[in-house]
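A.B. asks: Before anything else, here's the structure in question.
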Amino acid sequence: MNSVFQGRSLLAEKDFSRAELEYLVDFSIHLKELKKKGIPHHYLEGKNIALLFEKTSTRTRSAFTTAAIDLGAHPEYLGANDIQLGKKESVEDTAIVLGSMFDGIEFRGFSQEVVEDLAKYSGVPVWNGLTDQWHPTQMIADFMTVKENFGRLEGITLVYVGDGRNNMANSLLVTGAILGVNVRICAPKELFPSDEVVNYAKEFAKESGAELMITDDVAKGVKGANVLYTDVWVSMGEEDKFEERVNLLKPYQINMAMLEKTENMDGDLIVLHCLPAFHDTKTQYGEMVAEKFGITEMEITDEVFRSKYGRQFEEAENRMHSIKAIMAATLGNLFIPRV
């Protein structure tokens, strides 16, 4: 009997149904329990996994590496200096070669087209560890964290504040719409998500009943939120836009005043961040921003980051469990005839 997931790639959330995404979230929670209990789950024994990184990473690389090892697979890291995608060798040729040697491929880089071509030509499952457009592996971890905290996904209100046209905003909007989560993007008009992404989300919301909102009004956007979510103000490759972004996004910083505007501080409220976070001056970027712009915190204050509302480290750990679920489901020959 065919498995729902076997042999499939995870390139963008919109390629998966609500039931499939819910299954991956629940399977992630199950594998986390096995890990905590010390129960082996070597579903990928003898498999070899290529980890392709055009963009640097702490969490994604660590999560894929430990997840692969826990599953009994051997991960092989190939950094930007090790791969020639489109430079000295076409993506197609690279994909064919890697597909003949590895059983699965993770890609973290810039172009969505590259990860799609890897999947098209390699003949093995390919997992998108982040592109400029989508971040699907992060989504399974994020909604896993939401479900662990609230016991459900449907009807939860998640508000993303910050740069509304980056990959995190895209993925949260579309994935939430698929899962029946009410998603609001609260951002300056200049940084609203693209019409293409909004239209994807609207179509999914019609089916799931999710309520969507795109607004530049902070008070309106965050009122009644269960989850406040933010990300760095400047994405990788956009470092020249620091000044522009700092000036645009200052009003969208997650701070205690914003939490009060949710009118839910005494209820069910958590704060998520995919990390790294610029919540103090203990980084080179933090020092530079403090020196140039006179602010010691960017997208989230240190007070909120370290408060009882912060779930960012729980969320980061869940990257490993969710990536494990994704790889096991798509490569592990598991009996999943339906979801």
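Backbone N, Cα and C define each Cβ position, glycine as well.
The carbamoyl phosphate binding site annotation in Swiss-Prot covers Ser57, Thr58, Arg59, Thr60, Gln84, Arg108, His135, Pro136, Thr137, Gln138, Cys274, Leu275, Arg319. The L-ornithine binding site annotation in Swiss-Prot covers Asn167, Asp231, Ser235, Met236 and is backed by sequence analysis.
Can you walk me through where each of these features ends up in the structure?
C.D. replies: In this view, Arg59 (carbamoyl phosphate binding site) is surrounded by 20 other Cβ atoms within 10 Å of its Cβ, with every protein chain counted.
Of all Cβ atoms in the protein chains displayed, 25 besides its own lie within 10 Å of the Cβ of Asp231 (L-ornithine binding site).
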A.B. asks: Fewest other CB within 10 angstroms, which one of the binding-site residues Ser57, Gln84, Thr137, Asn167, Ser235?
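C.D. replies: Counting other Cβ atoms within 10 Å of each of the binding-site residues Ser57, Gln84, Thr137, Asn167, Ser235, the minimum falls on Gln84.
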A.B. asks: I want to verify one value. Collapsing DSSP to three states, which class is Asp231 (L-ornithine binding site)?
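C.D. replies: Looking at the DSSP assignment, Asp231 (L-ornithine binding site) belongs to neither helix nor strand, so coil.
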A.B. asks: I want to check the contact list for His135 (carbamoyl phosphate binding site): same chain, sequence separation of six or more, C-beta distance under 8 angstroms. What comes out?
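C.D. replies: In sequence order, the residues whose Cβ lies under 8 Å from that of His135 (carbamoyl phosphate binding site) (at least 6 apart) are Asn128, Asn167, Met168, Asn170, Ser171, Cys274.
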A.B. asks: What whole-number value in Å do you get for the largest C-alpha pair distance within Ser57, Thr58, Arg59, Thr60, Gln84, Arg108, His135, Pro136, Thr137, Gln138, Cys274, Leu275, Arg319, the residues recorded as binding carbamoyl phosphate?
C.D. replies: 28
A.B. asks: So if I measure Cβ to Cβ from Arg319 (carbamoyl phosphate binding site) and keep only same-chain residues at least 6 apart in sequence, which ones fall under 8 Å?
C.D. replies: Arg59, Thr60, Ser62, Ala63, Thr137, Gln138, Ala141
